[in-house]
Amino acid sequence: MGPDVPLLNDYKQEFLWKRFPQTVLGGLRLKLGYCAPPYVYIHQLVLFLTPWLLGGIGTLLFQLRVLNEAFAGVVSGVLMLGVGATLQGLAWCMAHRNEVVQILPAANNILADEEEVEFTHCVAPETVRFVVPGKKFLGNVVFHTCLAGALCGLSTWYLLPDRLTGLYGHTSGGLGAVVTLFALSWVTVCIGEYSLIINTATETATFQAQDTYEITPLNRPFYILIFITVDLALRFSGSSMEELQLAVQVLHVLFVTLPILWALGILSPLDALLLWSMEQTLVYGLGGSAMSGNIRLLVMFLSSVCVAIGTFFIPFSLGVVLFNVGMGFLLSQDLTQLLELVKGATPTLGLGWWGLPLSLMLILGALTEAGLLHQLYSGNLTLNTSFIEHWESSVVPPNPQEVISWFLIALFLLTSLLRELQGACVLGGAMLNPLYPKRVMTVQAFRQKTRCLRIAGIFRRILLNLVSPLAMIAYLSVDESLGKLHTVSLAIGFTRAFRMVWQNSEAALLQMVLVVIIKLAGGHRVPHWQELGTTVQLILISLVLNRTSQFISKLRFALTVLITSWTENKQRRQSAGTLLALNATLCPVLLAIVALSAILSAPLLPLFTLPVFLVGFPRPLRSWPGTPGTACPCLDSVYYKQLCKKLASALRPAIANGAFGSCNPGSHYLGRFQGRLLWISVLEKGYGYCTVNIKGLELQETSCHTVEARRVDEVFEGSFDHVERPGQCFRLLNPHWGNSLTPCTLLPVRVYSDAQNVLTGIIDSPDHLRQLNSDFLKTLVWILLRYCLQNVTCAAHRTKSHSVQTSGRKSQSSQHAIPSEPGPNVVKVDAQLRPESSSAHLRGRESSSLSSFAGWSDEDDLFGPVPMRQQMRMVVRTDEEQTELGLGVSLPGSVEIHSLYESMALSSLPTLKPLGLGLGLGLPVVDKGKENSTAPISTTVLVNSQPLHFTSPHSELFSLPPEWRTAQLTSSKLQVLQASFPEAWFCFCLSQLVMENFGEGDFEQVVLDLQDDRALRDLYTQVVLSCSVALGADTHVFSPSLVFKLYCGDGPWTEGMEWLRANKELHQLTLRAFRYSVKLLVDQASLGPVESLNELYTTLQDYNDNWFIGLVSDHSWQDSVVQEKAYLFSLGHDLHMGTYTSRVLSLQENLVQVGVLNEEGVRGQWANLSWELLYATNDDEERYSIQAHPVMLRNLTVQAADPPLGYPIYSSPPIHLRCL
């Protein structure tokens, strides 16, 4: 996509040029995009000027001295109230009026298709609904109407000509300035009233995607009322306050500019303004932190306000110190983790119950220190006179605050130096850290090379979390301002100071050191500076530091946008030169815009990400209204879900040691590992903890995504690999210092490494495919044997009756066998119909004898599409006990007759045996002379087509279900394939499984008995070869396409495949065996052939224990990733290249690269995204502002925004990290 891609398409351009005038005029729709009758415009203009007319009535009555100013305002307000009530009542009636819906004729213009209205006459319902849309809620109808009346009355009072003359009559403008100000101010009021009561304009400053509770109409009236409130304060306080009078004069002039500020989107919506105000007050006024959610912010703000109020009313200084030290410590903790402990849940990556005694010891030590120092210093003050008399001024005790001041300076320098050493870059990212390891490939090597850095980080952690708070508390406890506590400023100051000591020790140390340096440098000579007190000085210093830091970051972001718009060829538009010239010419204006955005703590908004800068409206640091955690999930989201918790564990020591820099709320970091990109946002920070949100960006890389991801890799390689450059003086310079991404550190994280290989030469090799046939049979034998032992129900029952014995007992038949001669070991069948038997069975019951065949008609459903078989219960009598087992359904295709023979299958009737029913293909032949045994005819039947004679008493453990032997496999076919059955492998697996699963006895005898059991071997031969034939393995060799289809479970339809799929459990076992065989094929082609049976057995065991072998689209694949299966294997097909690929995920510790982003660049791009999508509705997927920008990382930044504007595929809920 070229640089001259349109900023807006034609439709959106027309839409924007229609919407923007409505925004400027407060909702007045003078450009509709289609022809409308003149009365539509006349109605709107009359309603727009109505507040001016009604206010003019009150103004005229006052100027004529008929009414005083108060009653003049009341008259105007009452008139506006009546007009508003009439309009809203009319709109409410029209909205609830039932009319026939008419289909409007379609027009050529898409915009007209959406909004065109067919007007009939000037007071028609559609005209009323168009001009006055009305409110959704009845409560808002009443509230907005009353507010409109009050606003009109107060505006009349605010804009009285005599009042304006009193403010500006003495100026050089004189009457002309007053008239101009009066007229333009009433335009502002009309815009606010129209937006409130007639039709709400779409605001450029939009915070929420949807205005559910109709808050937007209150935005403009709110700001008008703020200006009026200041004027009322001056009126009621008298005109003696010169500062307040100057403020009123300035605000009257700014009042005229309100429509411009609304149109530019500089003034916040009410919801964003409320959250921003609480956050700024909490952080800079009360010493708290930005919070991860709105509810947490509200609760913490109210709690902090209560602490400040309590501080103001505490009568003695010692109580203030102890109260604020204790409450500051409590409020700086994440108390929700304590609730998790109480509930019994494990706190997120915390210390658990161990944190409670540690915290208790720390706070008791801090309280003791603060109390003793305060008392000691107070005692020095009271005894100072006696000291002077005794020593006669020969010995002056040192000022404890001065001693602590020098200690704080040394502590700050040491902790700052140790923090700089932890990261990959120093001096704000301009230079590379020579002590940081380079060209590290393994986790072990990284840990070995960073051992000294970790020790230094732990030492810094002790200084910052234990020594610094105690030192700062000592400094504040002996401050002389404690003697003048009963002022609001000092009460708020001490609340903030003692809270900040715990909440953000690093920032508090910097601020306190600056106050100390100013004091030592002679700050007392600055007028009024010393009178403020230490705590108020700390508030001012913190504001100056924050705003200066924001100004530098915003200026760097603005310069990046400016310079790259020309230097980056793919970003150079035709207008680039013009915009650069304008910015250079209007450089003071640009600096003023950057400074204003920094003062307001608002994002610097680059319009369409071009070098056209606006001041965005102030909003919370997290930039979005809701709590993070919303994403656009897909199949790849599971990889980030697994990675998230492991990464959080790795973040803890890195943040605590200082590798991430200051890491304040609002900071953003970018992590990179292979194809994965992680966006880490810091939401909240307190004493010993940090709350972050981790997002995962898409893995299916688009062209824009690929360009920026490549640049991210280059930035990390330049810092972590230290690519050699000519010249010693440039060796340590960061080659990508101008990029918005600055490398921080490497994190060892246990994460899946993704390897994809092309199988050309492997899956299409005839030799390998022939080996696949043999491997499949062996794998299936191994899986079936393991299945029998892992069958929980049968194994649990059978192990109670059978144990490994050295002396042979009389052979016991399995549930599939019929004794060869009469005896106690018989199979008794008690046939019972299911309650939900079909009508076919009911008709069978009506045929009570074999002679009833003549009575059947063609309508009888003998062989329905889904015949309901009988469910039989089989009782196995042994020498020890009697056991009842479920047998299942009868053979497919057999006819079941309900007669005098207790619902036996035809195959069990001796007289029907010659018909050929019940052929036992491939199984041992039974002597026909033993057919008519002495067992009772009504209870003894053949369970399957042929009886089984297990010669070993332990063969029952390995017996397979009878329905698995029902494949239509001829004896000739079976005899041909029987040679391919791996008998040696079968015997080897039996011996290994017996040794692994039997806990006592003579293993050798048991193994020999099982291996000599011909019936067991023939049983497995029939089932394994039946499955092989069903998959088509009896043909020459597999083809690559057939291998892939069978691996995916989509083999071609055959009669054998239909039978196999009917036995779902056997089908799943066969599919697993085939997938294991494919994996074995790939491994043998890569690592060499399997040389022994023991190696093959070990390999299959490893597959079963440590691997998931399946498809990426399987739900089991997702579960295996979450459960952290060691390895995952999948087969794929590249349709574009026509090749087959394998994908292997390996869970191991790898190094994840992390860098810090320019937070103001992120906020600025997100502010533009919000404006572009919520106001301009520019959702074109190929728009200019989403194209790749390798320096600003524009595409990645847009992805990382919260939905619905962004589209991360994974977003974690706020994660609490214990970083103490």
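Note: Cβ is positioned from N, Cα and C throughout, glycine not excepted.
As stated in TrEMBL, the feature transmembrane segment covers range 221-238 out of the listed 221-238, 401-418, 779-796. The transmembrane segment annotation in TrEMBL falls on one of the ranges 41-64, 497-520, namely 41-64.
Most Cβ pairs under 8 A with the transmembrane segment (141-160) among the ranges 71-92, 221-238, 297-330 are made by 71-92. Under 8 Å from some Cβ of the transmembrane segment (71-92) lie the Cβ atoms of residues 47, 50-51, 54-55, 57-59, 61-62, 128-129, 132-135, 138, 141, 144-146, 148-157, 160, 193, 197-198, all in the same chain and six or more residues away from its ends. Here the transmembrane segment (579-600) has long-range neighbours at 547-548, 550-551, 554-555, 558, 562, 565-566, 610-616, 618, meaning same-chain residues at least 6 beyond its ends whose C-beta is under 8 angstroms from one of its own.
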